[in-house]
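Remarks on the structure that follows.
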């Protein structure tokens, strides 16, 4: 699934955590790519490895986590092979990041001005005065009055702080912005406002976005393509429009059923039975087998891998080995009765 | 501004409480200093002589409240009474002479311990579990748990007596007169090395371990990760993002330590015969010089409060959330 034009290519990425209970592979053999200007979404339940994948792109893991295998190619350059200096220059200038709790990602004891200037001056050969005027422009872009540059983070509201962080991510005009649940801590009204802002900025500056969330309705609306992760593996990748309409992996189907539809009659929501996989006890074969309605003998023996089953639609499930068959509600209820 | 005024009011109140206690304690004891001083020596004195001495030492007659106001007014005039031991020198003169030496000795030792301890703590936290952390952190705990007495005697014996590299006592050589000259200053510095180092080594762990622990907690904060993701240098993330936040609780410890050591360097001063407040207090206790002990306690309280107040002001500059009354 490689394209010459891809901005970011992640190939067979594995991230391990060394724990006292044993080594845990938090991200296992994950491959995907993001084209210039594309919004790629990563979804999955808590602990499935979404953020761990996101951290890999700028190599932000701290021990005991480390990237054990794979490749991260950014504009064709191997990020994992960068020296410390190359990595420092690459970070933020090429790929910036909005963190899970952007509310807490501003340093509480430094003025906002300082947090713009340090990153601008670390990467570009400009004077402090120039950096400040750049920072003022950036504040204008996110609709915050430039006079507030001299304030401290605690003097801003949650939504404003989030916009500050977004302004900082834009500072060096990166090609990719990783957004790790950028709106989780905000109420829905502010959430909407922030997303619209992000979308508008994306149109204006043309950067790509790796968008991570567990809010699927938000994701379908916002992303071009979506990848679904389960227990450290990417189990399905497809265009946003088709992934929940014609899911090919039972887990994707289950996720889609876990959210109430906006239109149509009320119905009882179906969750996914069972618990997330304990990564210390990875079974032989498919990782989703214990929670799957369609499990058969092959699932217990042979591990799954992503295959392009339809145009641009990839899934890792043995169900489609013989014939392609999107999952439907009738089929699931039939399986349950058996 | 309101914050500073509120704190100032609090410290004034605390000081008044200390003054009251200081006033009450000797009066709750049976007898008075004059009796204590003369009683055991079988001295022959007339009633008038004793009365005169009592007045000299501030034990005026009259109701307690009148005595109290007379005491308070003399305290605020800087009159802490007269020393029994080195009569007729006043307590203020004796304390004033010793105070500078103690401030120099313990101030230098404590500040040094704060700076070095904090830096080592930052490094230990940054390389948590590495060889540096595994050696330095337990070692500093051992140093901290060892009494000053042990280090004081050890350093004096090794460097002062056996190797004779450094003078083993007094603040400066007796043949010199205090003056602003290179000779005198270097002599004072040479005399200060061993006691300062003793104060330093004992307090090191007290700053290193809390700094390390604060820093380790902070390293999981998102703004640290964001600092790294911004492509800032390691040093900048470590100092501006990590240490800058982790140092806040340590500032309180520093002010407490400075307040404490004004009186608490007694062991070190006595070992090295240093002419500071500790030696004064030690001799005053041996001689039962109540006026001097009382005065010393008051000065110690005053400095404890003073350094706490300094820490409050410093906090205003270090933690902007206080100044603006933020909730975050």
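Quick reminder: no glycine exception, Cβ is built from N, Cα and C everywhere.
As stated in TrEMBL, the feature transmembrane segment covers range B:188-209 out of the listed B:188-209, B:210-231. According to TrEMBL, the feature transmembrane segment maps to residues B:292-318, out of the candidate ranges B:49-75, B:292-318. The highest tally of CB pairs under 8 A with the transmembrane segment (B:147-168), across B:98-126, B:188-209, B:246-272, B:292-318, is held by B:188-209. For the transmembrane segment (B:246-272), the list of distant contacts is 102-103, 105-107, 109-111, 113-114, 118, 122, 125, 147-149, 152-153, 156, 168-170, 194-195, 198-199, 203, 206-207, 210-211, 214-215, 217-218, 278-279, 281-282, 296-297, 299-300, 303-308, 310-311, 314-315, 318-319: same-chain residues at least six beyond its ends, Cβ to Cβ under 8 Å.
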